[in-house]
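Asker: Here you go, one structure.
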C-alpha cells in the first residue's frame, strides 16, 4: 500500500493514469531548474537549489505589464544611438554655450593692433573707452555685441543646463533598474514642460540675432529693410507652429520621419528654411570678401575664425538632414543644432568685425569712404551699431566697434556729398571799389585766371551771349631776355615767387558800358551771376602741368620792339590819376586793370626800366543782346553801312592813355564806308594770336623780323587806332584779323604802347 502513494519518475511528465492532455500557451510552459544553482529574488536575497526544481509560470488571459519593456542591455541599436554618446554630446553643448556667454559678457571688446611692419596682435585689451585713440593710431576696435545675441546665448546656456541635469537624472534611474535606453531618455527629457517653454523662447531670440547679423552683412538700406521684415515674418510663423506642435499635437520629437500631422511638418519646414537661408547668405558674404575673409597677412588667425564660422552655420543644416536620414542620432542631434544656432550668430559677428577691421586698415590712407547707396540713412553710424534694434544710447565701453575710426571717416564721407566751396566768392561793385582803393597797401594775391565757362552742347551765337560783357583778355609783352610765361591752370593761384611787390597783378573787371544807356541795369545782374568763382589750389600743380617752365624762347621782334618803347613811354607824373578820371565811368585804376601771367618775368622787365609805368588801355565794349554781328556783307551793301553811320556816336575819354570804343546802341552795322577806307588803307596785314608770346602779332610784315630791337622801332600791331573814329579803327583791325576770333572778344582790354597808331 505504501507503494501506491509513490509516483514513478516518469509519471511527473507523462501521468499515465490520466487519459487527457494539457496544452500550454507559448511562454507559459513549465520548465526545469537544474540543481546546484542559485535563484536571485533581489540584490540581497537568493535561494540555493540543492536539486532540480520546476518553474511553472502563472499564465492568465491578460499579459503582464512591466515598467520598462527593454532588456537590461539593448544591443540592437548602434553605439552612436546609446546613452553614452548622448550624455557626452549634451555635456559638450553645455560647455560651448557657456563659452559663448563668456565671449559676449565678460570679454566684450577685442582690438586689432596692426604694426607698421605688417604684424598683427589680437585679443589685446587696450582700454574700455571707445574712440580713445587718435586717427593716426593703428588700433582698430573690434567688438560691441548687440543685446539680442547676449539674451539668446544666455537663454541657450540656461536651457542646456536644465536639459543636462534632467538627462543625468533619467540615466541614473535607468541604471538603478539595471537597463539603458537612449530613446527613452531623450523622450523623457525633451518632452518635459520646462524644456519646451525655455526652448521656444531661446529659439525666438536665436532667430532674431541671426536676422540682425544678416542685416549687417548687406550695405544697402533697402536690403536691410527687406531682410528685417522677411526674417521677422518667418520667425513669427516658426514660433506659432512650434507652440502648436509642442502643446497641441504633442508629436514624437525624437522621430521626425514618423510625422503624420501637418503642423509638426510645417514647424520643421520653417526651422529648416531659416537655417538654410542664414547659411547661404553668410557663405555668399564670405565669398564676396574673400580677400579678407579666409587669410590676410596682418591677421593670420582669421582662418581659424572663418573655419569656426562656417562650421557654426552648417551644423544646424547638416543635423537637420541627419535627423531624416538617420533617426537614431536625433536624440543628441537636437542639442547640437541648438548650440550651433547660437554659435552661428556670435562667431559670424566676430568674423564680420575682423573683416571690416581689415578693410578699414587698408583704406585708412585713401580718400574714399565706404559705399553709400540711394536711400541709405546710416551714413555716419558705426558698423556695429547701425544694425542694432531700437534701444537707448549708452556711453558704455561695449557699444560700437571702431568708433575712433568711424568718427574720422564720417567727415570724409560727408565731404563726398557736399560740393566744393570756393575760397573766393563773387565780388560786388562796392567791394570792387573798396578793394581798388586798398589793393596797393594790402597786396593780396588773387587767381591768375577766371573760371572758364562750361562747354556748350550746341554752338552759341556770339550776338546773343552775355558772357562777353564780363570777359577780360589781357595781352602782355615781354623782352627778349625774359622767359616764356607758363600756362596757368584754371582754379589755381600762383604763389608769390619774389619779394618785389611791383610784380603783383590782379583780376580786373572793366565797366565798359556808359551809365547813360537805358539797358545798363538790365545786364548788370546777369553778368554778376555769371561771374567766375575762384578757388585757391596748391602751387605745386604748376610744375606738374608745365615741367618745362624754365625753357627760354626768343620773342618775335615786333614784341621786343613794343616792349622797348613801353619801358620809356610814360613819366612818373602821369602815374597819379587825375580827379576827372575818377568821375569817368570807364576809369579803372591801374593796379586793377593789369593782369599778369607770370610775376617774375614782369618784375624783371620793370627792374630793367627802373620805373613802374602804366600801360595804355583800349576798351572794347560789349555788344548788346540782339545786336547784329559784323558780316562781310557790310563791305558790299551800302544800305547797311549808311544806316549804321547815322546812329553811331563817338567820344574820346579824358585819359589819353585809354581808348574807349563806344557800344552800338541800335542794331546797326558798326562801320561806315569812310571808316573802312581810313582804317584799311594803311593796313595791309592781318593779326593773329601767338600763344607763346601771349600777344597779337602780324603775319604780313617780313621786314620787322630783320630790324634790330630799338626804342624807336614800330610798335606791336595789336594796338590799332588812328585818325579815324576813336574806336572804330581799332575794332575793325581786330575784326579783320583771322586769328582774333578766338582770342579777343567784345569787352576786351588790350595793353600796349600808344605810339603804335601814330607811327602807322
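Cβ coordinates are placed from backbone N, Cα and C, and glycine is handled just like the others.
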Asker: Per Swiss-Prot, is residue 261 on the side of the membrane where residue 292 is?
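Answerer: In Swiss-Prot, residue 261 is across the membrane from residue 292.
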Asker: Identify the region 'Disordered' range according to Swiss-Prot, selecting from 354-378, 479-503, 504-528.
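Answerer: When 354-378, 479-503, 504-528 are checked in Swiss-Prot, region 'Disordered' belongs to 479-503.
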Asker: Suppose I define contact as three or more CB-CB distances under 8 A, residues 6 or more apart in sequence; do the transmembrane segment (195-215) and the transmembrane segment (86-106) meet it?
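Answerer: Touching, no - the transmembrane segment (195-215) and the transmembrane segment (86-106) miss the threshold of 3 or more Cβ pairs under 8 Å.
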Asker: Between 0 and 100, where does the mean pLDDT of the topological domain 'Extracellular' (1-85) sit?
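Answerer: Reported value for the topological domain 'Extracellular' (1-85) is a mean pLDDT of 67.
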Asker: Rank 86-106, 151-171, 263-283 by Cβ pairs under 8 Å to the transmembrane segment (329-349) and hand me the top one.
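Answerer: Looking only at 86-106, 151-171, 263-283, the most contacts with the transmembrane segment (329-349) come from 86-106.
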Asker: Could you tell me how many residues in the topological domain 'Extracellular' (323-328) are helical, how many are strand and how many are coil under DSSP?
Answerer: 5 helix, 0 strand, 1 coil
Asker: Mind checking how the topological domain 'Cytoplasmic' (284-301) divides into helix, strand and coil residues in DSSP?
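Answerer: Residue counts for the topological domain 'Cytoplasmic' (284-301) by secondary structure: 9 helix, 2 strand, 7 coil.
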Asker: Using DSSP, how many residues in the topological domain 'Cytoplasmic' (216-228) fall into helix, strand and coil?
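Answerer: DSSP classes over the topological domain 'Cytoplasmic' (216-228) add up to 10 helix, 0 strand, 3 coil.
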